[in-house]
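Listed in TrEMBL:
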type: DOMAIN; residues: A:9-72; note: domain 'MrpA C-terminal/MbhD'
type: DOMAIN; residues: A:113-172; note: domain 'MrpA C-terminal/MbhE'
type: DOMAIN; residues: A:191-312; note: domain 'Na+/H+ antiporter MnhB subunit-related protein'
type: TRANSMEM; residues: A:49-72; note: transmembrane segment
type: TRANSMEM; residues: A:84-102; note: transmembrane segment
type: TRANSMEM; residues: A:149-169; note: transmembrane segment
type: TRANSMEM; residues: A:190-210; note: transmembrane segment
type: TRANSMEM; residues: A:222-244; note: transmembrane segment
type: TRANSMEM; residues: A:251-273; note: transmembrane segment
type: TRANSMEM; residues: A:293-319; note: transmembrane segment
């Protein structure tokens with residue numbers, strides 16, 4: 001019942017996003033879409049996925065899209081011609097996809113291949129082989145460590161892509177200017193600033209909790225990285241990009257992003273050199289279980305570092321681009337803010 | 001003792017839910033932006049607080065209790081702040097409360113003077 005309600009709401013929101021001309025509202029709806037799918041995942045008992053979806057889909061991606069909207073403007077361009085070929089292509093692709101799903105086992109059916117040998121293996125043996133209560137983490141970080149490595153590399157590549165496309169030579173601003181911007185912002189955002197100052201340490205603490213509690217409950221490197229980055233982004237939004245750049249050196253952050261991937265990869269290399277397979281943590285220590293724990297801890301740490309720093313880098317570059325744009329045409333900007 | 005706990009937590013949950021629902025009705029029925037925001041902001045903070053308090057009374061595990069207290073503190077900080085930010089942003093962008101002609105005139109004067 002609740003599945004049907006949630007899925008109906010998802011469809012309604014998807015249609016609303018398509019019909020919406022106001023980009024701001026569309027992004028807002030996309031955030032709601034993310035939150036709804038997160039609750040859908042909770043209903044399906046996939047708490048880890050729901051956690052990621054809530055942090056990424058409803059949180060960070062919405063925020064990044066807002067940053068982009070401040071640069072592009074709120075209104076969608078009106079399209080004169082009717083995009084009939086596009087509709088044709090979409091209908092054909094969609095039809096093929098639906099035709100493809102006909103061969104798949106029914107939703108939740110017992111004799112689906114995945115329920116026959118993969119899942120029981122994980123559920124039965126993960127406690128003896130890995131020794132951590134959260135099976136999702138043991139699947140993600142140990143059984144399928146190579147897949148997760150691929151995911152981390154994808155995120156890292158996204159960071160590099162944003163850097164190559166948007167990276168700009170920053171003009172050095174003098175301290176007085178920073179001070180004046182800071183003062184004007186202090187007047188504007190007094191309440192939010194004080195609340196944020198109170199909350200940011202706790203957000204960091206929560207991120208670390210999620211990072212290291214991933215073995216026992218929902219959480220792990222991906223979620224923790226996003227939460228960590230969101231605290232830094234909150235700081236950058238309220239105290240100005242220049243101040244945030246002073247606190248957090250971007251070169252340093254880029255280095256950490258690379259180091260996270262390196263740490264992950266080198267865990268695999270070390271297990272190779274100790275005579276096991278790539279990402280076989282059993283050989284990391286004399287006791288296989290301890291080796292597994294050590295391996296999972298290290299690679300989660302690598303994932304967390306990479307995710308957090310890549311997101312911070314993306315935000316810094318997006319927002320830096322925006323600041324540059326505003327700097328170029330301050331008169332126009334003043335009028336639009338009125 | 002058992003019955004006192006059940007009744008009091010049930011009462012708190014009921015009142016909290018009622019407040020949340022009335023906030024939702026207010027969001028739909030009130031005439032302009034500020035009253036709508038007021039309806040949701042005020043009732044949500046109190047309603048969520050009461051629901052959390054009701055759950056706290058019911059909780060037997062200390063860890064659950066501590067987590068609920070943290071969520072309560074978080075809502076108490078975040079709810080009013082978001083309302084404040086929303087109202088401020090709306091006022092900044094020239095949304096005038098309904099029925100306040102004085103404010104409208106001063107705002108208009110301000111905007112005309114600044115354009116000149």
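Here the Cβ of each residue, glycine as well, is placed from N, Cα and C on the backbone.
Owing to the predicted nature of the structure, the values given are computational and were not obtained by experimental measurement.
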Of the listed stretches A:222-244, A:251-273, A:293-319, which one has the most C-beta pairs under 8 A with the transmembrane segment (A:149-169)?
A:293-319
Please identify the stretch among A:190-210, A:251-273, A:293-319 with the greatest number of Cβ pairs below 8 Å relative to the transmembrane segment (A:49-72).
A:293-319
With CB pairs under 8 Å as the measure, which of the listed stretches A:190-210, A:222-244, A:251-273 comes out on top against the transmembrane segment (A:293-319)?
A:251-273
Chain residues outside the transmembrane segment (A:251-273) and at least six past its termini with a C-beta under 8 angstroms from it:
145-146, 149, 152-153, 156, 159, 163, 279-281, 283-284, 295, 298-299, 301-310, 312-313, 316
Give the nonlocal contacts of the transmembrane segment (A:222-244) in its own chain as ranges (CB under 8 Å, at least six residues past its ends).
48, 51-52, 55-56, 59-60, 63, 151, 173, 178, 181-182, 185, 189, 192-193, 196, 199-200, 203-204, 206-208, 210-211, 214, 300, 303-309, 311-312, 315-316, 319-320, 323
